[in-house]
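Undergrad: Marked as active site by Swiss-Prot: LYS11, ASP138. Here Swiss-Prot flags PRO96, VAL97, ALA98, ALA99, GLY100, LEU101, GLY102, GLY103, GLY104, SER105, SER106 as ATP binding site, drawing on sequence analysis.
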Amino acid sequence: MELMRARAPAKINLTLRIEGRRADGFHDLASLVAFAGAGDLVFLHPDAPLALEVCGPTAAAAGPDDDNLVLRAARAFAERVPGARLGRFVLEKRLPVAAGLGGGSSDAAAALRLLAGLNGLALDDPRLFAAARATGSDVPVCLDPRARLMRGVGDVLSAPLALPPLSAVLVNCRVAVPTAGVFRALGLAPGAALAGPEHPAGLPETTMGNAAAVCAFLSGLPNDLEPPALALAPEIGRAMALLSEAPEARLVRMSGSGATVFALTDSCRTAASLARRLLAQQPGWWVKPTLLR
């Protein structure tokens with residue numbers, strides 16, 4: 001069988017409300033997520049012994065191959081699908097690591113989609129979702145990468161949302177920010193709630209096909225992990241300040257637990273212009289104009 005290929009798009013948290021910490025230590029959240037054109041690539045050589053090779057511009061930061069979520073996802077799949085055909089994966093790593101982009105989770109979800117195709121499973125097969133959930137909290141939402149509201153620990157998903165395409169610039173200052181450290185810095189004790197407004201249940205009808213209305217809606221919905229992430233990595237604040245000063249930026253936020261931040265713009269042209277200017281100012285940063293869907 002021929003080499004199989006799947007995209008693993010970056011997951012962008014347009015909003016992130018931390019509702020509280022459970023007794024088991026996990027955090028309940030509500031987040032409106034979208035997916036970018038930028039991402040990693042996952043390849044599968046069918047029916048070879050299960051293995052993983054990582055290559056690409058950010059491969060060196062991805063950690064040991066044996067710890068990669070791609071292999072964890074494949075093993076979770078095999079546990080739930082007796083006699084499953086597997087293979088050798090090649091992960092072309094393009095996204096920054098520990099960046100708040102859900103890169104590892106999206107890679108794992110792409111691997112599960114490839115294995116589903118190889119074994120004749122539909123994407124809505126409950127075994128696929130179970131394998132995703134066993135692999136990591138952000139993997140289920142990445143299985144079908146379309147804009148959604150995610151709740152719980154990431155395992156309660158809405159139907160796909162009618163989000164208009166949003167022009168954006170993604171910026172990472174090359175500082176890795178481990179998710180666990182940011183949640184620790186948030187400082188919630190088990191069983192405690194985080195004060196704040198309730199997250200909306202979806203997008204208002206006024207945002208249908210209207211990117212400007214989406215920006216206005218998002219402006220009142222912050223990312224609750226920004227303060228602890230900024231305390232751990234002040235460079236994030238510098239990136240946000242540069243974006244906020246740009247006339248093209250309509251909304252500036254941090255994605256996930258950082259350190260990637262994004263600016264929404266009016267068009268792909270203004271996003272590309274802003275990205276070029278930022279790269280000229282900060283040639284060492286990772287900067288990508290993209291579309292969020």
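Using the three backbone atoms N, Cα and C, a Cβ is placed for every residue, glycine included.
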Undergrad: Once PRO96, VAL97, ALA98, ALA99, GLY100, LEU101, GLY102, GLY103, GLY104, SER105, SER106 are set aside, which residues in the chain still have Cβ within 8 Å of the Cβ centroid of the ATP site?
TA: ALA10, LYS11, LEU95, GLY256, THR260
Undergrad: Note down the number of other Cβ atoms within 10 Å of the Cβ of GLY102 (ATP binding site), including every protein chain shown.
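TA: Result for GLY102 (ATP binding site): 31 other Cβ atoms within 10 Å.
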Undergrad: Which secondary structure state does DSSP assign to SER106 (ATP binding site), in the simple three-class scheme?
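TA: In the DSSP reduction, SER106 (ATP binding site) maps to helix.
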Undergrad: Given the binding-site residues ALA98, GLY100, which one is most crowded in terms of C-beta atoms within 10 angstroms?
TA: GLY100
Undergrad: Could you state the CA-to-CA distance between SER106 (ATP binding site) and ASP138 (active site) to the nearest Å?
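TA: Computed Cα spacing between SER106 (ATP binding site) and ASP138 (active site) is 8 Å.
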Undergrad: What does the structure give for the C-alpha distance between LYS11 (active site) and GLY100 (ATP binding site)? Integer Å is fine.
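TA: That separation, Cα to Cα, works out to 8 Å.
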Undergrad: Hey, of PRO96, ALA98, GLY100, which of those binding-site residues are within 10 Å of ASP138 (active site), Cα to Cα?
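TA: Close binding-site residues: none.
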